[in-house]
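J.: Residues or ranges marked as ATP binding site in TrEMBL: Gly14, Gly16, Lys17, Thr18, Ser19, Arg110. According to TrEMBL, the feature region 'NMPbind' maps to 34-57. The annotation region 'LID' is assigned in TrEMBL to 109-119.
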Amino acid sequence: MANRPNILVTGTPGTGKTSTCELIAKAAEMTHVNIGDLVKEKGLHDGWDEDLDCYVIDEDLVVDELEDIMQQGGNIVDYHGCSFFPERWFNRVVVLQTENSILFDRLVARGYSEKKRKNNIECEIFQVILEEARSSYREDIVVAMQSDSIEDITKNVSEISEWLRNF
Ligand SMILES: Nc1ncnc2c1ncn2[C@@H]1O[C@H](COP(=O)(O)OP(=O)(O)OP(=O)(O)O)[C@@H](O)[C@H]1O
């Protein structure tokens with residue numbers, strides 16, 4: 001086990017993973033690993049999925065790319081899925097959740113197509129990512145956090161920072 005912990009922040013697109021991770025990275029000197037950006041920068045995908053309007057990520061390439069830095073610890077990983085990462089990488093898995101109408105407005109503001117909005121809202125309603133996290137990681141390391149407002153972000157960042165201090 002690495003000396004410093006690794007944290008995964010997951011949740012439906014738009015729930016605030018990137019906003020939360022950026023603040024934690026700054027406050028606690030963690031390395032923010034945004035999987036979506038990494039996939040784009042390093043071409044760790046098998047092309048563009050026209051239907052889902054996103055890259056088809058190559059999960060094996062992503063895992064190979066990150067293995068060394070994950071061994072070192074001190075990373076906060078940001079992605080809207082969690083089942084393909086090795087379970088041993090993470091000491092804490094945070095699942096962000098947002099009330100449907102608030103999430104809907106954020107997805108509209110981002111200019112997502114109706115189909116993409118629908119997919120993401122359904123993902124949130126059915127708690128797909130929370131279920132995925134609970135079935136992929138030990139239940140005691142998985143925590144759900146509400147992310148409806150700026151106050152929620154502040155509270156979540158301070159709870160995660162507190163957890164890091166006590167690690
Ligand atoms: N708790 C919150 N309160 C207010 N606004 C928020 C909150 N969380 C996110 N937002 C806003 O919603 C938008 C999406 O946030 P962000 O990019 O952090 O989400 P994400 O979960 O990382 O999305 P993706 O998976 O697509 O990268 C941003 O404009 C951000 O400012």
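The backbone N, Cα and C atoms fix where each Cβ goes, and this holds for glycine too.
TrEMBL does not curate its annotations; it predicts them automatically.
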J.: Please count the residues of the region 'NMPbind' (34-57) that DSSP assigns to helix (H, G, I), strand (E, B) and coil.
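T.: Helix, strand, coil within the region 'NMPbind' (34-57): 8 helix, 10 strand, 6 coil.
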J.: Sort out the residues at least 6 away from either end of the region 'NMPbind' (34-57), same chain, that have Cβ-Cβ distances under 8 Å to it, and list them.
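T.: Same-chain contacts beyond the flanks: 18, 21, 65-66, 77-80, 113, 115-116, 119.
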J.: Quick one: of the binding-site residues Lys17, Ser19, Arg110, flag those whose CB is under 6 Å from ligand 1, and say none if nothing qualifies.
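T.: Cβ < 6 Å from ligand 1, in sequence order: Lys17, Ser19.
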J.: List the other residues in this chain whose Cβ sits within 8 Å of the Cβ centroid of the ATP site residues Gly14, Gly16, Lys17, Thr18, Ser19, Arg110, in sequence order.
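T.: Near the ATP site, beyond Gly14, Gly16, Lys17, Thr18, Ser19, Arg110, sit Pro13, Thr15, Thr20, Arg106.
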J.: Would you mind listing, in sequence order, the residues at least six apart from Arg110 (ATP binding site) in the same chain with a Cβ closer than 8 Å to its Cβ?
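T.: Set apart from Arg110 (ATP binding site) by at least 6 residues yet with Cβ under 8 Å, we have Gly14.
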J.: Including all protein chains shown, what's the count of other C-beta atoms within 10 A of the C-beta of Ser19 (ATP binding site)?
T.: 16
J.: Give the mean pLDDT for the region 'LID' (109-119) on the 0 to 100 scale.
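T.: Reported value for the region 'LID' (109-119) is a mean pLDDT of 95.
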J.: Can you tell me how spread out the ATP site is, meaning the largest CA to CA distance among Gly14, Gly16, Lys17, Thr18, Ser19, Arg110, in Å?
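T.: That value is 15 Å for the farthest Cα pair.
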